[in-house]
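These features come from Swiss-Prot:
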- Cys37, Cys40, His53, Cys58: Zn(2+) 1 binding site (BINDING)
- Cys170, Cys173, His186, Cys191: Zn(2+) 2 binding site (BINDING)
- 81-103: compositional bias 'Low complexity' (COMPBIAS)
- 117-128: compositional bias 'Basic and acidic residues' (COMPBIAS)
- 148-158: compositional bias 'Low complexity' (COMPBIAS)
- 215-224: compositional bias 'Basic residues' (COMPBIAS)
- 1-24: region 'Disordered' (REGION)
- 81-165: region 'Disordered' (REGION)
- 196-224: region 'Disordered' (REGION)
- 29-62: zinc finger (ZN_FING)
- 162-195: zinc finger (ZN_FING)
Amino acid sequence: MSEMVHSRLKQGQGPAAAQQSFYPPGSPASVHKGATCFECDITFNNINNFYVHKRLYCSSRHQQGETGGLVKEGAVTAAAPPVSHAASPQARPVSRAASASPSCPDPAPGGTASEPKVVEVKIEDPGLKDATCSSSSEGEGPGGGQASEGSQSPSGSAEDQDDDPTRTFCQACNIRFSRHDNYIVHKRFYCASRHDPTNQRPHSGKAAFLPQPIRTRKRKKMYE
């Protein structure tokens, strides 16, 4: 209604023509200079105020806006089903994925297949250990055994000498013990040949003690 009034005002029609457009001819409201809004039950003395009310504040305008909103919502709902139909192809892959869900147990056979592999690895571990043991035993055969025998031969000879129950003298340290047991303990833990065989103490008879000359300090005389 307000748009029609504005269009007529722009075309140059007077307020009387606008008033006649709002009210049918012969109505009592058309006689008065003012105007009455029947939707809001308000009477205006100035027709311009009535136009402003109709344009901005009338409840019929809000009702028209609500009806327009309802129409827009109806259009949106009418347009919504095609969207749902358009989205249905996207939903179909989901349904296909859901239908393909029974194929999810496929990893289970893979898992079961992996379990025998783990068992096989566990079975192979003793074989690997046996192989390593056999290789180590082969390494310890002729060459390794000779190396070990060669490394233990000096200690074996020393132990053979230490096993003599009459031996109580340590040549490396030049110490004689009263008991053979003390000699054995000395050779096992404290002997210098055990730490460094080359570092043997010199015999007392061969080593000669050379005393150093004593140096005397000369005092300066205070009175010269």
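Cβ atoms are placed via backbone N, Cα and C, with glycine included.
Projection of Swiss-Prot feature records onto the structure.
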{"residue": "Cys37", "record": "Zn(2+) 1 binding site", "DSSP class": "strand"}
{"residue": "His53", "record": "Zn(2+) 1 binding site", "DSSP class": "helix"}
{"residue": "Cys58", "record": "Zn(2+) 1 binding site", "DSSP class": "coil"}
{"residue": "Cys170", "record": "Zn(2+) 2 binding site", "DSSP class": "strand"}
{"residue": "His186", "record": "Zn(2+) 2 binding site", "DSSP class": "helix"}
{"residue": "Cys191", "record": "Zn(2+) 2 binding site", "DSSP class": "coil"}
CB contacts for Cys170 (Zn(2+) 2 binding site) [other CB atoms within 10 A, all chains] | 20
Can you list the residues of the same chain, besides Cys170, Cys173, His186, Cys191, whose Cβ falls within 8 Å of the Zn(2+) 2 site's Cβ centroid?
-> Ala172, Ile175, Tyr183, Lys187, Tyr190, Ala192, Ser193
Counting every protein chain present, what is the number of Cβ atoms, excluding its own, within 10 Å of the Cβ of His186 (Zn(2+) 2 binding site)?
-> 18
May I ask for the distance between His186 (Zn(2+) 2 binding site) and Cys37 (Zn(2+) 1 binding site), taken between their Cα atoms and rounded to an integer number of Å?
-> 130
How many whole Å apart are the CA atoms of Cys37 (Zn(2+) 1 binding site) and Cys170 (Zn(2+) 2 binding site)?
-> 137
Near the Cβ of Cys37 (Zn(2+) 1 binding site), how many other Cβ atoms are there if near means within 10 Å?
-> 17
Measure from the Cβ of His53 (Zn(2+) 1 binding site) and count the other Cβ atoms within 10 Å, all protein chains considered.
-> 18
To the nearest whole angstrom, what is the C-alpha distance linking Cys58 (Zn(2+) 1 binding site) and Cys191 (Zn(2+) 2 binding site)?
-> 121
Using C-alpha atoms only, work out the spacing between Cys40 (Zn(2+) 1 binding site) and Cys191 (Zn(2+) 2 binding site) and round it to an integer in Å.
-> 125
Between His53 (Zn(2+) 1 binding site) and Cys191 (Zn(2+) 2 binding site): CA-CA distance (Å) | 123
Which chain neighbours of the Zn(2+) 1 site, leaving out Cys37, Cys40, His53, Cys58, have a Cβ atom within 8 Å of the mean position of the site's Cβ atoms?
-> Glu39, Ile42, Phe50, Lys54, Tyr57, Ser59, Ser60
Cys173 (Zn(2+) 2 binding site) to His53 (Zn(2+) 1 binding site): how many Å between their Cα atoms?
-> 129
